Amino acid sequence: MTSALEAIRYKRGHLLIIDQLLLPHVTRFIPIRSAEDGWHSIKEMHVRGAPAIAIVAMLSLAVEMSGLVSQQKISKNAEDTRVYIEEKLDYLATSRPTAVNLSDSVRKMKSVLEQKTRTLTCSGEEIAMSFIAYAENMLVHDVADNRSIGEHGANWIVANTPSGVEDSKLCILTHCNTGSLATAGYGTALGIIRHLHEKSQLCHAYCTETRPYNQGARLTAYELVSDQIPATLITDSMAGQLLAKMGQSIAAIVVGADRVASNGDTANKIGTYTLAVLAKYHGVKFVVAAPRTTIDMGTRTGKDIVIEERPHSEVTTITGPRERGDECGNIVMENIKIAADGINVWNPAFDVTPAALIDAIVTEKGVEVKDANGRFHLGSLFETEVRPSN
């Protein structure tokens, strides 16, 4: 089974992304015609999820470059074209600072462009086409990587949890949105849930609402319902009671990641750290699922990760459709105040879960666990790194 949801629609020169701010009530696609469009779609959270952010950023610039090529507006000079692309990449990298996938993609793309430019016979158009091909390959590779993550993670949970060994079907708790809407397709943590469901090994999935942006309630619940996966939505503050009630009947808490430090400390959606503490207390496995591009070997620990802070209004207001539409039956979206005027607000978008609270980190290459001294060795994941062809 493959998820029917398609959040990114791309063909060369054309990019559409689903507007996640309107989900689950309205399904509408936004055309992305330039790097500037891509930057705004990421910054304003029309698209979110670390893998999807990187892909949309690259494809937005690919669309822009395709237009310049077709209009014959590309400089004939390879170096000029490389500089133009790199300036656009640096601009796109400022849209969301915490998610490492974007900065990692920018770094790798710059390396590819530099190597390509060294070819004396290379033209500006060839540099542009090389970039476009690289961006397109990212889209293809991400889907394949997600399916591998789903399989590796599901198999590890089945083999390493009491309910996995003893029962034929498992219950999983997840946080935020890590599915088709957060990636090129299938998902990371939600990909594990999908794989268990495909193999008839999933009893039930639980998803948190994920305040303040409600990605769990709006997006993960939307995906679970769409794929007919048995699931229940809970508020963030109910997770402790769920674990107290069900104990190790919850096989694992599975989350994604926006940045993983070299020691395994993981930055993810706010509330992840709380779930990890709860998992430790209740003896439930805590699993991080992310592609290798999310692992930042240049960041030593979680203390070095910059945490993005979002607008106060995301906490003090909530947006949704009226229960009844207008006189013609059309959906009417409204922004509602839910907090006292004048109250101070702190709104970090992410928190950092220490590696000590994480049982396993799942990537497309397999499952990483800690050694006898309680340390992850994530560097081994990059010993045979394969980049998308250009």
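In case you wondered, yes, glycine gets a Cβ from its N, Cα and C as well.
Positions annotated as active site, proton donor by Swiss-Prot: D258. Here Swiss-Prot flags C176 as site 'Transition state stabilizer', drawing on sequence analysis.
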> Distance between C176 (site 'Transition state stabilizer') and the residue listed as 'active site, proton donor' at the Cα atoms, whole Å?
Replying inline: 11
>> Around the C-beta of C176 (site 'Transition state stabilizer'), how many further C-beta atoms are within 10 angstroms, looking at every protein chain?
In response: 29
> So for D258 (active site, proton donor), how many other CB atoms are inside 10 Å of its CB?
Replying inline: 29
